[in-house]
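Lifted from TrEMBL, the feature list:
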type	residues	note
REGION	1-41	region 'Disordered'
COMPBIAS	1-17	compositional bias 'Polar residues'
TRANSMEM	47-65	transmembrane segment
TRANSMEM	71-88	transmembrane segment
TRANSMEM	100-119	transmembrane segment
TRANSMEM	188-206	transmembrane segment
TRANSMEM	240-265	transmembrane segment
TRANSMEM	271-298	transmembrane segment
TRANSMEM	310-332	transmembrane segment
TRANSMEM	352-372	transmembrane segment
Amino acid sequence: MNPSLPTDKTGPTSIGAATQAADPRPGSDQRPPVEVSPRRKKRAAHSIPLIVIAGGVGLGLLWWLRPVLAPIAIAWLAKIALTPLVRFASRRRIPAPATAGLLVVLILGTTVGGALSLSEPANQWLRRLPKDIRTLQQRWEEVNRPSKEMIEVVDAVDELVDSAKEDVVATVRVVDTTPFMVKVFNQARGVLAQFALFLVLLYFMLANDRVLMKKWTRIVQTSEAQERVRKICATIESQCGSYLISISLINAGLGLAVGLATAALGLPNPILWGAVAAILNFVPFLGAAVGIAVVLVVGISSTESLGAGVLPGAAYLFLTSIEGLLITPSIVGRSIRLSPVAVLMWLMLWGWLWGLAGALLAVPLLAALAIVCRNVPRWRAVATLVEA
């Protein structure tokens, strides 16, 4: 109780009654309880099903429109990473459309050149993949010798199969003679269309960067809200841009290290495995696991001894552990620190919605969401859950 309040012997004797009787003054810490009307509670209860339905409809639209939305999201992230180059060239009196066109041409040339240089090694590996799997199964059987009872069961099954062969009607086997590259092109037409859409969107986003910023600020009316929009956009460009550039350089270094390690250990097509390691490392947690498994399978099936076959996968594991535990936290952790649980859940969500493109976009999109929520007072609770 506040000692400055007068004490009345005839008043209420309990502390709770005295508190209720005392009028709250501006300088005191006591605040009247906020009462929620039954109508407001009922409205909040009725809004929960609507929120669930809206969330389900939103996820359905994201999945249905993924051929269009995925290139837009990738172009937006690439624009964030490349905008500093466009602005640097603008300060040197080089028009933004010219710089944007040059960057798009460089991206196109690099992508086409990389695809052409890796197509033949990838084709060779896909052709020998069934053989490698059979070799891996044989190696596994050598390591895990079946028991005598299992051998007897297998022999009994073989006898049953041999006896049933006499009653089997001859069948005609249809062999697909379609060339491999024709199959790849038929399946990749959608990817090529999305890549073309990505290049067009990236060019116009880079060429009209200042115009887009002005339109973003015109959406809101008050000067305070406009300043907040500018701050959010600048923070997203700064932190997400530095993250994308840093992680791209780190992944390129990891790919180079994996390529050199696989070449030193005698693994075929080391350039292919270096490129695979660099691309898969954009996917947190799962990318490294998939890359290690693939290199392990190729190593075991490509060498005569099991110990020598395990070495490429072990080298990959060692290199990606150094990258994940030492290099990436020391460089990227300064700008963006996200909760591993939130990253994994976000990765599963976007991987389910958009496949590989969603897995690659998961972390940058989560970082952008955290930055926006951090700068909007009503959404700071979401930022607290997302950030580490």
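Yeah, the Cβs are placed from backbone N, Cα and C, and that goes for glycine too.
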Contact between the transmembrane segment (240-265) and the transmembrane segment (47-65) (at least 3 Cβ pairs under 8 Å, separation 6+): no
Leading stretch by Cβ pairs under 8 Å, where the reference is the transmembrane segment (71-88) and the options are 100-119, 188-206, 310-332: 188-206
Closest-packing stretch to the transmembrane segment (352-372), where packing means Cβ pairs under 8 Å, from 100-119, 188-206, 271-298: 271-298
Contact between the transmembrane segment (100-119) and the transmembrane segment (310-332) (3 or more Cβ pairs under 8 Å, separation 6+): no
